[in-house]
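In what follows, a single structure is set out as structure tokens and then discussed.
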Amino acid sequence: MVTKGNKEIKVKDNYLLNGSLAIQHGGSNKHYAMVNKGPSMLLFQHFWLLVVTRGLVGVGEASYSTIAPTIIGDLFTGALRTWMLSLFYIFIPVGSGLGYIVGSSVADITGDWHWALRVTPILGMVGIVLLIALVPEPPRGAADFQGEALKERTSYWEDIKYLLANRSFVLSSLGVTAMAFMTGALAFWTPVFLSHAQVLQGTRVQCTQEPCSNTDSLIFGVVTVVTGIVGVGIGAAVARRLKKSMPDGDPLLCAVGMLGSAPCLYLAMVTADKSIATSYVFIALGETLLSLNWAVVADILLYVVIPTRRSTAEALQITVCHLLGDAGSPYLIGTISDSLRSSYPDSYLWKFRSLEYSFLLCPFVGVLGGLFFLLTALYVEKDRTTAREIAAGNSQQPAVVS
């Protein structure tokens with residue numbers, strides 16, 4: 001967060017195009033830690049350089065996010081793969097929550113937000129060492145086909161046509177996009193929204209000059225960490241049980257998570273001006289239900305797409321879900337809020353209400369995402385069988401109309 005006077009500008013890591021670059025580039029993460037510290041040393045006059053360096057951070061993150069799940073898919077299979085994916089994806093909400101906790105704490109201690117950015121490169125360097133020392137490079141499809149690598153090589157355009165014809169992949173990607181939309185909006189606006197609510201209740205004085213209190217960011221970070229661990233763990237355990245009796249259990253579980261989170265988030269918004277504690281309870285429930293899906297949606301992709309096209313599928317899904325999801329949702333929520341607020345620009349009550357009303361878009365998107373996962377359940381068993389047969393050489397790939 002860059003602050004100048006009372007204006008705040010958030011610089012978001014650039015995933016949008018970089019996910020596609022990772023298809024051809026096997027996850028070069030080494031530059032990530034090196035460029036991560038750079039932005040913290042810049043002055044506001046060099047804002048363009050701040051944007052560039054944060055974009056470079058996005059290249060490393062997008063590459064890593066694209067390649068890492070496919071490596072797990074090549075190392076493990078079945079229920080064990082689900083558990084390994086849950087261990088990997090549990091750190092998405094945990095890392096996000098720790099970002100709030102560490103960032104707000106470091107900013108409070110130092111009195112300078114720059115130092116919050118100077119902590120993460122240390123973690124990045126540790127990650128590089130662990131990747132080089134411990135992570136193997138398995139043959140594609142090794143876990144699925146007893147260690148034998150798949151030899152088929154196809155063009156990028158052939159991969160895209162194959163993926164667009166895979167209904168389970170397309171529908172589940174739309175569901176993931178809805179989930180990213182909700183999590184992005186929540187991460188950006190929830191601390192601000194709750195701060196406005198407390199000012200409206202009279203329990204907090206309105207902040208008119210930086211630095212402002214980071215209490216809401218700290219609490220929201222703790223809630224995100226705890227609900228992330230609980231939600232991902234429950235999601236993996238339930239998915240493992242459902243696999244034994246319900247071939248379409250994974251997308252149905254994701255649908256339950258999305259559809260269940262929608263009313264929780266709605267209640268969190270409408271109760272915020274009456275009781276902050278109640279609002280936090282519903283936020284925690286909503287985030288727990290959303291977190292059920294992190295490992296499960298990755299597992300769906302891995303078993304409905306043949307191994308040689310999983311990296312392309314991950315990259316395409318990441319590009320779409322960030323482009324239409326968490327990259328745009330904070331801006332869209334803010335734009336709607338500003339438009340509503342223009343009717344009564346001098347009213348603090350309307351400042352709160354305009355953000356509350358714009359936030360109601362999130363439960364609607366949650367219901368939409370749940371419907372996408374319900375549709376995925378109609379096709380997932382057939383697409384999983386088809387992918388297994390193609391990879392085993394027992395079936396021809398479905399024809400795709402150009």
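Placement of Cβ uses the backbone N, Cα and C atoms for every residue, glycine included.
Record features (TrEMBL):
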DOMAIN    1-381  domain 'Major facilitator superfamily (MFS) profile'
TRANSMEM  83-103  transmembrane segment
TRANSMEM  115-135  transmembrane segment
TRANSMEM  169-189  transmembrane segment
TRANSMEM  218-239  transmembrane segment
TRANSMEM  251-269  transmembrane segment
TRANSMEM  281-306  transmembrane segment
TRANSMEM  318-337  transmembrane segment
TRANSMEM  357-380  transmembrane segment
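Cβ atoms under 8 Å from those of the transmembrane segment (169-189) belong to residues 10, 96, 163, 224, 251, 254-255, 258, 261, 265, 283, 287, 290, 293, 297, 300-301, 304-305, 313, 316-317, 320-322, 324-330, 332-334, 355, 359, 361-362, 365-366, 368-370, 372-373, 375-376, 379-380, 383 of the same chain, restricted to positions at least 6 beyond its ends. Within its own chain, the transmembrane segment (218-239) has Cβ neighbours under 8 Å at 82-83, 85-86, 89-90, 92-94, 96-101, 104-105, 187, 190-191, 194, 249-250, 253, 257, 280, 283-284, 287-296, 299, counting only residues six or more beyond its boundaries.
In this chain, the transmembrane segment (318-337) lies apart from the transmembrane segment (83-103): fewer than three C-beta pairs between them fall below 8 angstroms, excluding pairs fewer than 6 positions apart. Residues 68-69, 72, 75-76, 113, 116, 119, 183, 187, 191, 217-218, 220-229, 231-233, 235-236, 240, 287, 291, 294-295, 298-299, 302 of the same chain sit 6 or more residues outside the transmembrane segment (83-103) yet have a Cβ under 8 Å from a Cβ within it.
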